[in-house]
Amino acid sequence: MKENAASRVVFILLLFLSVSLLNGQSPPEKPKLVKCRSPGKETFTCWWEPGADGGLPTNYTLTYHKEGETLIHECPDYKTGGPNSCYFSKKHTSIWKMYVITVNAINQMGISSSDPLYVDVTYIVEPEPPANLTLELKHPEDRKPYLWIKWSPPTMTDVKSGWFIIQYEIRLKPEKATDWETHFTPKQTQLKIFNLYPGQKYLVQIRCKPDHGYWSEWSPESSIQIPNDFPVKDTSMWIFVAILSAVICLIMVWAVALKGYSMVTCILPPVPGPKIKGFDVHLLEISQPSRLVSMF
């Protein structure tokens, strides 16, 4: 009787499976973990891509454990990060700990699990774009005008505590140009740009990157119109070079005039008089008085 009952159960299951397959129903395809991102080492979010659902309602769960531990945890927050995501608040985030993360897809026909993703929060930092990007033309007295670009660090990244060393990349171009001009600045939150084309409208964007992690997205474009009378050439440098050259020439002329004789002597030394071998001029000078005495 028991064997008959077991056979009936197996037959019913096979019949149900056959009917499901004929109706195009199947276990879900394996989901894929796309990325995990932390804006500042205090929280992080992971996203996944679901596969085909097999024609049936499918539920997804994210499970994880920390390396060296056996206790399995489920995602604490499926809402904050948006669809197909899991958000880890400060309470659930630990730095210098390796997370082993898996996504499971479940429907009436079965279960499929993603390949595990190994995550260290320290190395998945991707900050928000810098904030408060402002553009201003400056016209200092006796100096060349320039474009002054200023910004603030990303709001969700704590740069004051010393956790991060942030570097910035600024790019700008005339509105109709295709190529961007890029500049890098470590730590600084301002930049001066010279040699702009008059009459052009410039577009400016900025992004940032921590010492460990990824570049942020580019900030929204900011623009500024350069006036037609905006100076292009920097004449102050040429004036400085001309003055310096004149000073050097004056110093050389003064040195030649002051030491002219010694310089001529070095260049054209005097020709020595002829010498007769065996003739001692000193003895001649000594013997001349005695000859005069003998004459008188």
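Just so it is clear, glycine is given a Cβ too, placed from its N, Cα and C backbone atoms.
Annotation source TrEMBL lists signal peptide at 1-24. Positions annotated as domain 'Fibronectin type-III' by TrEMBL: 27-127, 129-229. Residues or ranges marked as transmembrane segment in TrEMBL: 237-258.
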I'd like the per-state residue tally for the domain 'Fibronectin type-III' (129-229) from DSSP, helix first, then strand, then coil.
0 helix, 46 strand, 55 coil
Over the domain 'Fibronectin type-III' (27-127), what does the predicted model average in pLDDT?
91
